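Structure first, then comments.
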Ligand SMILES: [K+]
Ligand SMILES: [K+]
């Protein structure tokens, strides 16, 4: 008997997520999964896509799922998140068909020439890191949950820990993490999980090797850029949100809580999607920063969505420094190759096209359905949130018409899988490493 | 005595417009220029910048200027418009310092090898084309103005004709061209002027040569792209606006007027800025199309603003076809060079950064001033309108705080002069024309 035909990388990627969504929709549709009446098929599909794409937008209240439903949701989040980390790590490290080992230059950059790993080992290592991070996160959160006096503090810790590390943003509580406004243990633990989850596996691996082999392994260019810019973005958001909202949205809080709210908003907005304050209550400039942060997203090879920090960094370089005659940009004694710069531009352009199409269709369907109470900003916010798989909302998700919800489903999928698929064929395995500056290899997408 | 030091191209460009704005502000500030009380300095500055940058946004009613004020305004529009056509034509044709003749390849593409022109001749030819177009436009509009029974129909025809050809969008009437909704002569004449003005001088010249030397001169690649995509955009907008607004904003009109309103909106939105209907009355999807059209703008080497049709075309190519291994894109048997593609991406990125900054600052100042009746969409609309030097508004221009109006002044200037300045140094005079496909030279910026 003949073997089944080899699937291409893209086909494997799409198939994995489509099967997850299909199975998830069916499982969530079971009467035993939902404890508040019967769940519409569209809501089951929406929830499954949102979970698998680790978005966190929801047309129904997550708390209304039964325990088994919540566990299914958690499995979908974990499978979606882990799947995405794995695929992106493998594709970014082993571009070309079937994870071949042709592009050894980048692999050596991370693993050293004597440590070229097999995909199987990388997958095992990803699972290990995820388990360790999630366990430690859950341990941090648990005492805070007990202190808060929530029901089932252990399950709640597990759920929110995994949801945070996967940057999924699903919460068991209808107002997300609002009740934890004054609870630094829970917010701190969740923030820690979001940030580490959002850095991406390659950074974890690099840091782990650096710590375990002191003096022998250096911090790589990609890791350095990721850590530096993640830090800059968090601090920037923290200051802007605090300064703008101290006497507005945060006016009822004491100083400590307001500082914490500003920091948490800065961390959660880029891709996690938990919230401790009402997202429609921000001033206009903060709302704009929210939109920009949602678009930027987190790290490549992580569960975070959006353009990614490194892509934004490249776009920033293009704007500030300009492309030289070789189509490259020198930065910090590395040259950023023209392939990378072109991919970054392409990524941005495609994201913009998806966004414009998405906003157009949702606003079209909402106009047709005469739901004129939904404004343009709410729609823009919702679509950027879906595209960046963030999950924040100004509260219109459930109100939207069926067709608009279908558009959001497609936007989430496009933002997660479609945008990522851009970079699969774009990595040229034959790219030549010449002798000007060494190539400043950062991972985008 | 020693000569004054040579100014660089950029300095000449900035100086020309800054002097125009300075003189314009002073002239408009004269008590004799304004007949409705005294004009604030900020309003004079805003009007001068808006006129010189051919934007058309206004914090005061244009009709409130005295006759001499209106004539000053018209001179500013004409000087700004002509100045921009001249600078862009010269820079695009003679990149490098002081309009040198190094980049002969593009010049030959347009003029043929035996017709390399001197800048002086090009300026003379630009003046000639402008005069002919404006005169013929005024002749078309005049009978319509008489039929409409407006005061001073001749001056009104001259004012609106020049304002239309320069894509300035200033109107003597406080509701712009709303009263001409059912007047095909005026709207047709104005539309003709907008479209021809927006094609740009290089297209005019090419078409003129083609008609005057039949069989000898061919339609150039840039001209072809410009005409094709201008047509596609107009038709697209026409259909979308008509289908979406027939039973909404255009519901009170008869079919003929509704068709005309849709066509006029499609033509005016990309950069002219006249309006025949209330811009805040559109449905959400139409509003989004308005935003996109304002961002796209018109032709290079014309009075139109925005990203330009050709830049948008290149971005469209990048998205649809992708960049090949040489950093280029083959299209219609030409290859689009990597310099052009990089410039198009850079142009778009810079425009986005200016837009985000502009929206952030305006929304910040409006929040501080507690004018919360102004929404996010209105601000976004206003800033895109300023950036694309369109001049359409949802009606908030005069309501905005002084600081926000200053931001808009900077945005108009950046949208007109700043963005254009990007391409001055970026054109590499030494670019090599090799023998794959012939280079698909389009002008952007
Ligand atoms: K999320
Ligand atoms: K205009």
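Each residue, glycine too, has its Cβ placed from N, Cα and C.
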Among A:34-53, A:154-173, where does TrEMBL put the label transmembrane segment?
A:154-173
Determine which residues of the chain contact the transmembrane segment (A:154-173) at the Cβ level, with the cut-off under 8 Å and only residues 6 or more beyond its ends counted.
50-51, 54-56, 58, 62-63, 67, 70, 73-74, 77-78, 80-82, 130, 133-134, 137-138, 141-142, 145, 179, 186, 189-190, 193-194, 196-198, 268, 271-274, 298, 302-305, 389-392
Do the transmembrane segment (A:72-94) and the transmembrane segment (A:185-203) come together with 3 or more C-beta pairs under 8 Å, pairs six or more apart in sequence?
yes
Near the transmembrane segment (A:185-203), which same-chain residues lie under 8 Å Cβ to Cβ, leaving out any that are not at least 6 residues past its ends?
81, 85, 88-89, 92-93, 110, 125-126, 129, 133-134, 137, 140-141, 143-145, 147-148, 160-161, 164-167, 177, 220, 222-223, 226-227, 230, 234, 260, 263-264, 267-268, 270-272, 274, 276, 298-304, 443
